[in-house]
Amino acid sequence: MDPEGTPGEGVGCTGWFNVEAIVERKTGDVVSEDEDDTEDTGIDLVDFIDDTCGSVQTGDEAPGALLHAQETQAHAEAVQVLKRKFVGSPAVSPLGNYNPCVDRDLSPRLNEISLNQGSGQAKRRLFLPDSGYGNTEVETSLLQVAGGGGQDVQAGGKENTRPDDGGGDATQLLRCSNLKATLLSKFKSVYGVSFSELVRSFKSDRTTCADWVVGAAGVHHSVAEGLKQLIQPFCSYAHIQCLTCDWGVYLLLLARFKCGKNRLTVSKCMSTLLNVQETHMLIEPPKLRSAAAALYWYRTGISNVSEVIGETPEWITRQTMFQHGLEDSIFDLSEMVQWAYDHDFTDDSVIAYEYAQLAGIDSNAAAFLKSNAQAKYVKDCATMCRHYKRAERQQMTMSQWIKQRCEKTDDGGDWRPIVQFLRYQGVEFIAFLAALKLFLKGIPKKNCIVLFGPPNTGKSYFGMSLIHFLQGSIISYVNSNSHFWLQPLADAKVAMLDDATPQCWSYIDNYLRNALDGNPISVDRKHKNLVQMKCPPLLITSNTNAGQDDRWMYLHSRMVVFTFEQPFPFDQNGNPVYELNDKNWKSFFSRTWSRLDLQEEEETENDGSTCRAFKCVAGQNLRTV
């Protein structure tokens, strides 16, 4: 690149461009007026820009700016309302951090001028400021209900009553955002008690219950007076209270319907009777285990503010009567054992289920359900009941036992089907009676009866029906590998071994000869010591004739064999031709009582029973107050 000031010409785009100025006038020439430089001040360009358009445009922007300012102010006020802040003096903090000060109170704007930056943190105060104008941190607004009523309901469901200028209509008064909260609040203000304290909540409208509590608002006074007569066809018990308020009559009803109903059915029924909309009613079932609720119904029922029809429900009586209250607090195991003994319940599950169902009518059962040791009580009750039953059974003779079984069996049986079945099988009835007499007495060598025959001849049907009537025990050879398979014989008056096979007969021939004799044997019991006992009469059914088989020749003299040869008959409907049940066996033993040489009891109790009634409940001493 050439140095600066080089006179040489450049080449291309970098070359120097030489222009020679054209001078038309020289120094000393006369200048004309048109070319005078002193007059060239730019005055001729004053009107070069037209300002008329600008003034017109400025006049159009003023309304827009005003509208923008108004909208901005409106938006700011809306935001302030939503944030629940005051729009007034800046000295009032939205958080309520207001400290009284003379300068601030006199001139809040002057107090805002400060050189020090104040702290924005809230300070704790011992006393809240109270200017008398009711300034609060949260801005609350009252919801005025449409209509001429005098009830204002706040957003939270609370209410403030004001004098009513005109007649109020419950239909219009209850048109609010939270209808149920309004009804509950009005109920508490009228009756002085919360509706939820008297009832328990059902989430489903289709849950069935017999007892219902109804709170209806806006009922006409004439309808409320006639409800006592209108509701009688539907209820067996009704407790009616009617109190007036600015909505009309607020009715409270506790009703026990004749059949179980759900909330929808009760709502339709009461809406028809009271001429009130279903949405204007509170319907819930009562609290059955609340002593306070039961006491409320009891106290109001005996006062003059209520009308009561029917008998008081048992859940009210049980919790309000003094005697019932004492009984509910104490559980007596002896009463439970006595109940299980009287009903012949010895199984734990049956005792627990049946006794729990008595909680509604038995105070001791109710106390049993309230206990935390129900499993222990059930186990102890079943154990004691089995002990009592076993001791009672051991003390009874066979005649007493059969007599007791006959007393517990219903009448109406016939002894003829049993005799006809024996004759159908070719069994001599007189021989059978003779063998049965010795069998029941436990005579040695006559302590076992064997029913032999081909399959489907009714051997098991005949033997099972007899054992069921005599409430005997069943043993099975399938458990012979256990040391305790003969344990049921220790608690039985009569026993049965069904379907003895050749292996079973071999086992009996090897180990149970003395059992068939009716002599004392030793039986091993689980978790207990060995017991020495006399084997009860044993009935055996088999398809093998052990009385004639030479393999078991030592058993021939120890058993009496009856052969069933004919197949068991059925009618065209599949029912047995010869019905063998407890009623027929009762008739059979009553008919053949003397032939079986069963003894009659000479001394009986006043009620005619053969044995003294067992009582395990402790005696009670009556004390006068």
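The backbone N, Cα and C atoms fix where each Cβ goes, and this holds for glycine too.
What you see is a predicted model, and the numbers here were worked out from it, not measured in a lab.
According to Swiss-Prot, the phosphoserine annotation covers SER89, SER93, SER107, on the basis of sequence analysis. The motif 'Nuclear export signal' feature in Swiss-Prot is assigned to 106-115; the stated evidence is sequence analysis. The region 'Disordered' annotation in Swiss-Prot covers 147-169. Among the features that Swiss-Prot reports, region 'DNA-binding region' is placed at 162-328. Residues or ranges marked as domain 'SF3 helicase' in Swiss-Prot: 427-577. Residues or ranges marked as ATP binding site by Swiss-Prot: GLY453, PRO454, PRO455, ASN456, THR457, GLY458, LYS459, SER460. Feature annotation from Swiss-Prot assigns SUMO cross-link to LYS534.
For ASN456 (ATP binding site), other Cβ atoms within 10 Å of its Cβ number 12. In this view, the densest Cβ surroundings among the binding-site residues THR457, SER460 belong to THR457, judged by other Cβ atoms lying within 10 Å.
Between the alpha carbons (Cα) of GLY458 (ATP binding site) and LYS534 (SUMO cross-link) lies a span of roughly 29 Å. Neighbour density at the Cβ, taken as the number of other Cβ atoms within 10 Å, is lowest among the binding-site residues PRO454, GLY458 for PRO454. Taking each of the binding-site residues GLY453, PRO455 in turn and counting other Cβ atoms within 10 Å of its Cβ gives the largest count for GLY453.
In this structure, the recorded positions LYS459, LYS534 were compared by how many other Cβ atoms lie within 10 Å of their Cβ, and the smallest count belongs to LYS534. Computed over the region 'DNA-binding region' (162-328), the whole-number mean pLDDT of the model equals 86.
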